[in-house]
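Have a look at the structure below, then the notes.
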Amino acid sequence: MASYYFVTLAFLFVWICTIGAEFYVVDDQIGLGRRFDGIGGLSGGGATTRLLVNYEEPYRNQILDYLFKPDFGASLQILKVEIGGDAQTTDGTEPSHMHYEGDENYFRGYEWWLMKEAKKRNPDITLIGLPWAFPHWVGKGQGSPYHFPDVTASYVVSWIIGAKQYHDLDIDYVGIWNEKTFNADYIKILRSTLDKAGLPDVGIIAADGNWDISVAMEMDPHLYGAVDIIGVHYPGTKTIPEALRTKKKLWSSEDYSTFNNDVGAGCWARILNQNYVNGRMTSTISWNLVASYYEDLSFGRDGLMTAEEPWSGNYVVESPIWITAHTTQFAKPGWRYLQTIGNLAHGGSYVALTDGRGNLTVVIETMTHDHSQCVRPPLPPYSVSPQNATFNLKGSFATATELQLWYSKFDFKNSKHTLFKKLQPVKALGGFFTLSLGVDEVYTLTTITTGQKGHYTDPPNSSPFPKKYFDDFNVRNPSFDEAPFFADQTGVFQYFPNLTDPGPHVFTLRQVVTERPIAWANDADQTISIIGDHSWGDVTVTCDVLIETVNTGGVFIAARVDKGGESVREAMGVFFWVFANGTYRVTNDIGGKMVRAEGLSGTKAGKWHTLTLTVKGQFAHGMLNGYLLWKDAVILNPRNGWAAIGTYSFEYAQFDNFQVVAD
Ligand SMILES: *[C@@H]1O[C@H](CO)[C@@H](O)[C@H](O)[C@H]1NC(C)=O
Ligand SMILES: *[C@@H]1O[C@H](CO)[C@@H](O)[C@H](O)[C@H]1NC(C)=O
Ligand SMILES: *[C@@H]1O[C@H](CO)[C@@H](O)[C@H](O)[C@H]1NC(C)=O
Ligand SMILES: *[C@@H]1O[C@H](CO)[C@@H](O)[C@H](O)[C@H]1NC(C)=O
C-alpha cells in the first residue's frame, strides 16, 4: 500500500512538472494566521438605504434575504450603519436621535429597522455604528465634535444604549468621526464613557480614515488601550509596518465604492482576498450595502446589489453579491486564516481559512487589472495569465480526499459571466490537486458541504417613477418617519401630526433641523428634499406650505433640480420661494442668487398657502392659492431634474398635499 502511495506521488510529481504547474502548500502545522472577522456592508454615509424601506413585500424581504440570510446570498457577517447626524453624508441626510439638546427619539430613520432585519436573519451578525455628522448642539456652535468631548461621547453612547433599550440590539463596535481627523483625547473619553455606562464590550474602531492612528497608538499607551480595531478606508490592499506592529486587528472598515457591474465584482473579489494577503486586514466592509438611493445622486449603484425602484418593486441581484458568497458561505468570523496564503505565480491570489476543527476553505481569484479596478485608490499595473496551480494539502487537511468547488468567471470578451456555480467536487490524491486557472475567475474549494445560490422568482420589471404622484402625508402610525421616496439632501423632513389642529392639516411633513449641523459634506444653507425622476423636464409641482418662522422664514417648491448629495449647494433648477415678509422669488439656483422673477405675494407665517409651479420648455409660471402669481420666467438650464421642497434656512416649516405631474 505504502509503496503504491509513493509510486503514485512520484508519478504525480513528474506529471505536474511536465505540465508546468506551480506548487502551493496549504498547511496548518506551522501555526495559524489572524482571525477572520467577516465581510460586511455599510448602510449610510449617507442615506444609501433610503429607498429600500418603501419596497412592498415580498420584495423587501427578498432583498434582505439576498443580503443577510446565511447560506443564501451575500450572507453578510457585519452590518455597519451611520449614526445619523442630520447632515448630508453623500447621498442624503440621516436623522439624528437628538435633533436638539434634550430631544431623544430612537425610532427615526431606517437603520434601527435594518439592524433588526439583519439580526433576524443572522443572530451572529456584528453591528457597528459610526457618526459622519453631528447635530449643531453637540459642538455648542463650535462646529467640531471635539470641543466638548464629553458631550459628544455621551451623545454617541446614548445611541448605543437606545439601540438596546428600544430595539434589543447589541452594538458590537462604535467609531469616531468618519474620514475626519481623529482626536486622541476624545477616543479615550469615549472609551471611559462606554465603560461607565456598563458597556465594556463595545469596542472602538478608529479612525475610519488612513493609517495615522497606528503611529499615534505606538506612542500613546492610553490611546493604544482604547482602540480595539484599526479601521482604514480604501487601503488599496496595503498596510504599513506601524499598523502591523500594534498587533491590533486591522480592518478595511470601508472599501469598494465601485459601480456594481462585473468590473465592480472584480474589484470586490480582488480586495476581499488581497486585503488579507497584502495588508493582513481581517475584515472588509463595502460602501455601500445596497444601492437604494436615486441613481443620479453621487456614486449611483455603488452597492453590492441594486434596489432603487420601490415604486416598481424591481431590484437586481448584482454580481458582487455572489463574489461575497464565495467567502461568507464557507468561512465564519472566528475562523483563522492559514499562514500559507499568498499571490499566485502568474497573477491573482489565494487565501485559506480553517475553523480549527478540520474544515478548510480556499478562495482563489485571478482578476485582471482592467477588470478589477476599484474607484480608489489607483491600481498599479500588473498582469495575470492562465496558469496551472497544484495545491498540496498538509497537516489537518492532508487526508482530505474531496473538496466542494464553487466557481465564478467573468468573460468580458463575450459579455458573459458564470456566478457562484457549484461544480463537480475536486478530488485530492495523496493531498494533491491541480487546477487549471483562467483569468477573471473565482474559485472556492471547501470541506463545507452546505452553500446555496439562493433564488426567488424574478421581481417585477423595472419602470420609471410614476408620472403622476400625490401624497397627503395622512399616516396615523407611520412605520418610518420619512414620507416615501422623499430623499432629504439638507435638513430632515419627517411626518408631523398636529393633533390640536382643527383644520385640514393635522398630518403634514415637517422640516425639523433648525441649526446648521456639524456637517460632513458641504450642506446647502437651505434645506431640501428631492423626489421623482431626474429625467423629468416639463412638470407641474403643487404643494400646501406653512412657513413657521415669523418675519424671516421662507419655503420653496422646485422642479428640474439637477444635483443633490455632496453637490447640493450647487443645485440648479426652478425654485419658487415664498417668504414670511409677503414676497416671492423665482430663482434658477438653490442659493437664491439667480433671480428670474420676484414681487409681492402677501404670504405670511402661520398660514397655509398652496403653491403651484409649472415648467414647460424654457418657460415657467407659478400660482399662489390657485391664482397666477408670475409667468414667463425664462429657464434655459437645467432641462431636467427632480421635484423638490425645502426651506429658506434651517427653520421649521410644513408641507402638505404634495403633487407632481410630469408630461
Ligand atoms: C466541519 O464543519 C462541520 C459543520 O460545522 C462540522 O460538523 C464538522 O465537524 C467540521 N469538521 C470537519 C472535518 O468536517
Ligand atoms: C495546464 O495543463 C494542461 C495539461 O493538463 C496543459 O495543456 C496546459 O497547457 C497547461 N496550461 C498552462 C498555462 O500551463
Ligand atoms: C398646531 O395646531 C395649532 C392649532 O391650529 C396651532 O396653533 C399650532 O401652531 C400648530 N403647531 C405647529 C407646530 O404647526
Ligand atoms: C423678504 O425676505 C427674504 C428672505 O429673508 C429677503 O431675501 C427679502 O429681501 C425680503 N424682502 C423684503 C421686501 O423685505
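The backbone N, Cα and C atoms fix where each Cβ goes, glycine too.
Annotation comment: TrEMBL describes 1-21 as signal peptide.
Annotation comment: TrEMBL describes 36-329 as domain 'Glycosyl hydrolase family 59 catalytic'.
Proximity of E179 (active site, proton donor/acceptor) to non-local residues of its own chain (separation of 6 or more, Cβ distance below 8 Å) is seen for D208, G209, H233, W520, given in sequence order. Among the features that TrEMBL reports, active site, proton donor/acceptor is placed at E179.
Residues annotated as active site, nucleophile in TrEMBL: E254. A sphere of 10 angstroms centred on the C-beta of E254 (active site, nucleophile) encloses 26 other C-beta atoms.
Per-residue confidence over the domain 'Glycosyl hydrolase family 59 central' (337-452) averages 98 (mean pLDDT, predicted model). Under the heading domain 'Glycosyl hydrolase family 59 central', TrEMBL lists 337-452.
The domain 'Glycosyl hydrolase family 59 C-terminal lectin' annotation in TrEMBL covers 488-661.
Under the criterion of 3 or more C-beta pairs below 8 Å, with sequence separation of 6 or more, the domain 'Glycosyl hydrolase family 59 central' (337-452) and the domain 'Glycosyl hydrolase family 59 C-terminal lectin' (488-661) do not qualify as touching, having fewer than 3 such pairs. In the three-state DSSP assignment, the secondary structure recorded for E254 (active site, nucleophile) is strand.
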